[in-house]
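A.B. asks: Features from TrEMBL:
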TRANSMEM  15-35  transmembrane segment
DOMAIN    27-155  domain 'Tripartite ATP-independent periplasmic transporters DctQ component'
TRANSMEM  55-79  transmembrane segment
TRANSMEM  86-108  transmembrane segment
TRANSMEM  128-151  transmembrane segment
């Protein structure tokens, strides 16, 4: 079991690190776009499209950490007032619903990426399938985190999303 937890931690951490790098790249591309448009007077034809594409990858890579630590959209009111078995049942329902949602994103995201593989992004000579691949890739990276979180819920070891965010901030 510890081996599974270790693999999940590495996957989640790597996905988060890539999402942070993507955020930096989005900022750089957007800055470049602003400079070329308003300072130089000749807007870049590719940087806006590239920034949107990288932003999509950033969001879906960030899913892994978000789902792992239960920071996704949930029924906060019910979680705040729940205790004991009801809380475990509620967290289980949320985890299973999250898994179903992620599996749907993997399935339909893969289909979308395959359908558009012959189309290129405007301003770039890159297939739009690389952008759409963020849906199944990010969702696939989030699945182990949801599974491990469910195991922790059943073992009574789960923490709150606020605790996870504080731990992450302490690491930075």
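Keep in mind that glycine also has a Cβ here, set from the backbone N, Cα and C atoms.
Please treat TrEMBL annotations as automatic predictions, because they have not gone through curation.
If you look at the structure here, what lies around each of the features I listed?
C.D. replies: With a threshold of 8 Å between CB atoms, the same-chain residues lying at least 6 positions outside the transmembrane segment (15-35) that come near it are 43-44, 47-48, 50-51, 54-55, 57-59, 61-65, 138, 141-142, 168.
For the transmembrane segment (86-108), the residues of the chain that approach it from at least six positions outside its boundaries are 63, 67, 70, 72, 74-75, 78-79, 135-136, 139-140, 142-143, 146-147, 149-150, 153-154, 156, 158, judged by C-beta separation under 8 angstroms.
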A.B. asks: Can you give the mean pLDDT for the domain 'Tripartite ATP-independent periplasmic transporters DctQ component' (27-155), rounded to a whole number?
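C.D. replies: PLDDT averaged over the stretch: 91.
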